[in-house]
Amino acid sequence: MALQQKKALSKTSKVRPSTGNSASTPQSQCLPSEIEVKYKMAECYTMLKQDKDAIAILDGIPSRQRTPKINMMLANLYKKAGQERPSVTSYKEVLRQCPLALDAILGLLSLSVKGAEVASMTMNVIQTLPNLDWLSVWIKAYAFVHIGDNSRAINTICSLEKKSLLRDNVDLLGSLADLYFRAGDNKNSVLKFEQAQMLDPYLIKGMDVYGYLLAREGRLEDVENLGCRLFNISDQHAEPWVVSGCHSFYSKRYSRALYLGAKAIQLNSNSVQALLLKGAALRNMGRVQEAIIHFREAIRLAPCRLDCYEGLIECYLASNSIREAMVMANNVYKTLGANAQTLTLLATVCLEDPVTQEKAKTLLDKALTQRPDYIKAVVKKAELLSREQKYEDGIALLRNALANQSDCVLHRILGDFLVAVNEYQEAMDQYSIALSLDPNDQKSLEGMQKMEKEESPTDATQEEDVDDMEGSGEEGDLEGSDSEAAQWADQEQWFGMQ
C-alpha cells in the first residue's frame, strides 16, 4: 500500500513538457477568467463607494458574456444611480436567464414595472415546476406594495402566509410588519416584527423600523437592548446605528442622534430610516433647512411612505411656510389617495390656518369614519375640540378611541380634558396610566404635578416656611450634588455604545 502511494506521488510530481499552448497548463486552468476578474474589481469598487467605476468596469463586459450575477450587480448599481431604463433592462436579462430570481422581480416592481408584465416572465417556470403556485400571488402582493396600496398588499400577503409552504416565513413577516407600519397600524407592526425576530434571532432587516416604533411607545430600555443585540450581530449595517439613534432622539439627546444617523447613512446611503432620523434631529436642533434636504431625499427613495412627507411638512410648519406645507399635503392626498392617513395629514396643515378650520374638521371626520381607531386623527380632532372648548365632546371621542387600545398620548389628552371639566381624580388616574405607558412623557408628568400643587396649596406654603426657618445649611450640599451630576452628564462619551 505504501509502495502504491509513493508511485502515485511520483507520477503527480512529474512536470509535463510544455506544448506551446499556455491555456492548457494546469496553472492557467486555475486562474479566473477575465470576466470574473472584472466582476471582483467591481465588487471592490462598490465596497469603496466608487459606484461609477464599478459601472464602468461591468459596462466593459460584452452583453453576451454577462452572467446573471453581473447583470444583477449592474441593475442594482444603475438603480442606485437613478438610471431606471438600463436598470430595468438588466433586471429583465437576469429573469430571462433565471426566471426564479426573486430579487430581480422585486427590483422590477420597485421601478414601476407592472406586476402582470413581471409575472409573464415567470409563467413558463410556474407551469413547469411543481409547488410554485404561490409565486404569482407573491408577485401580485409585492406589486401592491410598490404602488402604495397597503391594504390590498396586507390582505394578499396574509393569504400567502396561511399556505403551508410559506407559513412562518421571516421575509413575509418582515414585509407584513413594514406594511402595517406604513398603514399606521403600529400595534400589529410591532407584533409581526416580534414574531419575525423570534423565528430568526439574527434578523437585521427591518429592525430599524422596529426600534423606532418601540422608542415612540416609550420602551427605551427595550430599544437599548435591541441596539446592543444588533451591534453584536454586525456593526457594518445601518440598522444598529439607527436603533441607537432612536434611543438618543427619544431621550432628547439630539446631537448624539444626529451623529448616529450620519453614521448609518455612511454605511447605507439608501437607508430611509437613517435619513428620517437625521432629518428629525436636525429639525429639533433648529437646523430646518438641512432637515428639509434629508426628508426630500427620503421621499425620493420611498415615495409611498407617508412618514417621509410628514417629516417634510413638519419642517415647513416649523419655519412658518404654511403655503408650501399645504401644497405638499395636497400632492400627497392626490398621489396616495384619500385614506385616513392622508386626510389627517392634510387636516394637520389646515389646522395651522384659521381660515381653513372648518375644512380641517370635515377632513378629520372623514378620516375617523374610515378608521375610528387611528390615533393621529383622534389627537388632531381632540386638538380642534379643545380650541372650541367642547370638552365633553372631546372626552366622549377619547373614551371611544381608548375602548379597544391604550395609548400614552390619548390618556394624557383625556386627563387634560377632565381637568377642564373639574374631574380631578379621574384626570389624575389618566395621567398615571399615561406615565405607566411612557415614564418619559414630560407633559403627563407636568399635568400631574400641576394638579398636585393645586390640590395642596397649604403644603406648598408650609414648605416655603420650613425653607425660611432652615436657612441654607444643607442647601449648599444639595446644589453641589446637582452640579456634580451635571458634570458627569457632560463628560459622557460622544461615541459611547452599550
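The backbone N, Cα and C atoms fix where each Cβ goes, and this holds for glycine too.
Predicted automatically and left uncurated, TrEMBL annotations should be read as such.
Residues or ranges marked as compositional bias 'Polar residues' by TrEMBL: 10-28.
Among the features that TrEMBL reports, compositional bias 'Basic and acidic residues' is placed at 446-456. Under 8 Å from some Cβ of the compositional bias 'Basic and acidic residues' (446-456) lie the Cβ atoms of residues 412, 415-416, 419, 424, 427-428, 431-432, 435, all in the same chain and six or more residues away from its ends.
Residues or ranges marked as compositional bias 'Acidic residues' in TrEMBL: 461-482.
Marked as region 'Disordered' by TrEMBL: 1-28 (among others).
Per TrEMBL, region 'Disordered' is recorded for 446-498 (among others).
According to TrEMBL, the repeat 'TPR' annotation covers 272-305 (among others). Helix, strand and coil residue tallies for the repeat 'TPR' (272-305), in that order: 27 helix, 0 strand, 7 coil [DSSP].
The feature repeat 'TPR' is assigned by TrEMBL to 408-441 (among others). Counting residue by residue with DSSP, the repeat 'TPR' (408-441) contains 27 helix, 0 strand, 7 coil.
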The compositional bias 'Basic and acidic residues' (446-456) - residue tally per DSSP class, helix then strand then coil: 10 helix, 0 strand, 1 coil
